[in-house]
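K.L.:
Before I ask anything, here is the structure I am working with.
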Amino acid sequence: MPINIPKDLPAKEILEQENIFVMDEERAYSQDIRPLNIVILNLMPEKEKAETQLLRLLGNSPLQVNVTFLRPATHESKTTSKHHLEQFYTIFPHIRHRKFDGMIITGAPVEQMPFEKVTYWSELTEIMEWTKTNVTSTLHICWGAQAGLYYHYGIPKYPLPQKCFGIFEHSLEVKNVKLLRGFDDVFRMPHSRHTDVKREDIEKIPELTILSVSEKAGVCLVASNDGKQIFLTGHPEYDATTLKEEYERDLAKGLPIHIPESYFPNDDPTKEPLNTWRSHANLLFVNWLNYYVYQETPYEWE
């Protein structure tokens with residue numbers, strides 16, 4: 001089934017070239033079917049890239065999905081045009097009255113700052129509190145996961161001695177959970193972060209279950225027992241070249257950065273990396289949409 005997007009969204013042409021089933025709003029409204037309403041709080045600096053990456057995964061499910069893009073009203077983006085934000089994004093006061101079947105809170109390049117020092121932290125906490133009553137299930141990604149764990153459960157983040165950067169293998173801690181249906185016993189996922197959460201802190205919270213871990217990258221996937229809050233410390237949505245672009249960006253800035261682990265063929269940055277995580281990324285999003293959003297949301301919100 002298709003993902004429904006605004007008619008002129010730049011990601012539409014890219015997705016159609018990749019054979020992703022997309023449908024503009026005019027055609028979608030003519031179908032007699034209850035679509036899922038998903039809101040994406042996009043905190044990534046390169047918003048158009050993040051849009052394409054997430055829509056690619058949302059569009060690979062058998063469910064029709066309506067997407068609303070949300071941005072912080074208390075932060076001015078320096079890397080996305082004002083025209084793009086005004087045309088395709090809304091702000092929280094305009095949607096706080098609505099109910100959504102699902103929400104995605106993306107990562108953000110602010111992980112080395114204390115949460116309370118982030119310019120839009122107060123607004124983000126208001127949104128995260130709102131998800132408790134107005135969203136069936138919320139998927140938090142990377143820094144978004146750390147922010148969610150901190151706000152909802154008081155779990156802190158810790159600086160890493162070296163950036164967690166590369167493609168890492170993960171194992172399943174719980175094999176009979178719906179979110180991991182169809183997963184191999186070992187799967188790969190990109191990580192790109194300077195901070196971490198500790199397993200022992202999460203295990204102290206009886207309302208949380210650790211679903212997947214990596215020997216090198218640590219805790220990967222955590223879920224609240226009611227499925228309303230999902231926390232993902234990696235970036236399954238990343239393109240094959242995203243880590244390469246981040247690596248080259250940091251090199252150009254003279255920042256201390258190591259070659260992404262298990263990423264370039266033979267650790268040679270001149271060779272094109274392969275996407276070895278795509279299938280499980282798609283499976284994760286399909287499982288989330290089906291079992292945690294579609295199966296749990298009411299047909300008509302009260």
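Every residue gets a Cβ built from N, Cα and C, even glycine.
Keep in mind it's a predicted model, so treat the numbers as computed, not measured.
When I checked Swiss-Prot for this same protein, it listed these features:
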- E111: site 'Important for acyl-CoA specificity' (SITE)
- C142: active site, acyl-thioester intermediate (ACT_SITE)
- K163, S192, R249: substrate binding site (BINDING)
- S192: site 'Important for substrate specificity' (SITE)
- H235: active site, proton acceptor (ACT_SITE)
- E237: active site (ACT_SITE)
K.L.:
Comparing the recorded positions K163, H235, R249, which residue's C-beta has the most other C-beta atoms within 10 angstroms in this structure?
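P.N.:
Of K163, H235, R249, the one with the most crowded Cβ is H235.
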K.L.:
Non-local Cβ contacts of S192 (substrate binding site) (under 8 Å, 6 or more apart, same chain)?
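P.N.:
The answer is C142, K163, C164, F165, H235, Y238, T242, L243, E246.
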K.L.:
From the Cα of R249 (substrate binding site) across to the Cα of E111 (site 'Important for acyl-CoA specificity'), what is the distance in angstrom?
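P.N.:
The Cα atom of E111 (site 'Important for acyl-CoA specificity') is 18 Å away from the Cα atom of R249 (substrate binding site).
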K.L.:
Counting other Cβ atoms within 10 Å, pick out the least crowded of the recorded positions E111, E237.
P.N.:
E111
K.L.:
Is it possible to get the count of other C-beta atoms within 10 angstroms of the C-beta of the residue listed as 'active site, acyl-thioester intermediate'?
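P.N.:
So the Cβ neighbour count for the residue listed as 'active site, acyl-thioester intermediate' comes to 27.
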K.L.:
Give me the Cα-Cα distance between R249 (substrate binding site) and E237 (active site), rounded to a whole Å.
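P.N.:
R249 (substrate binding site) to E237 (active site), Cα-Cα distance: 19 Å.
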K.L.:
Specify all same-chain residues, apart from the site residues K163, S192, R249, whose Cβ lies within 8 angstroms of the center of the Cβ atoms of the substrate site, ordered by sequence.
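P.N.:
Leaving out the recorded residues gives F165, L243, E246, Y247, D250, I257, P260.
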K.L.:
Please give the greatest C-alpha separation between any two of the substrate-binding residues K163, S192, R249, in angstrom, as a whole number.
P.N.:
15
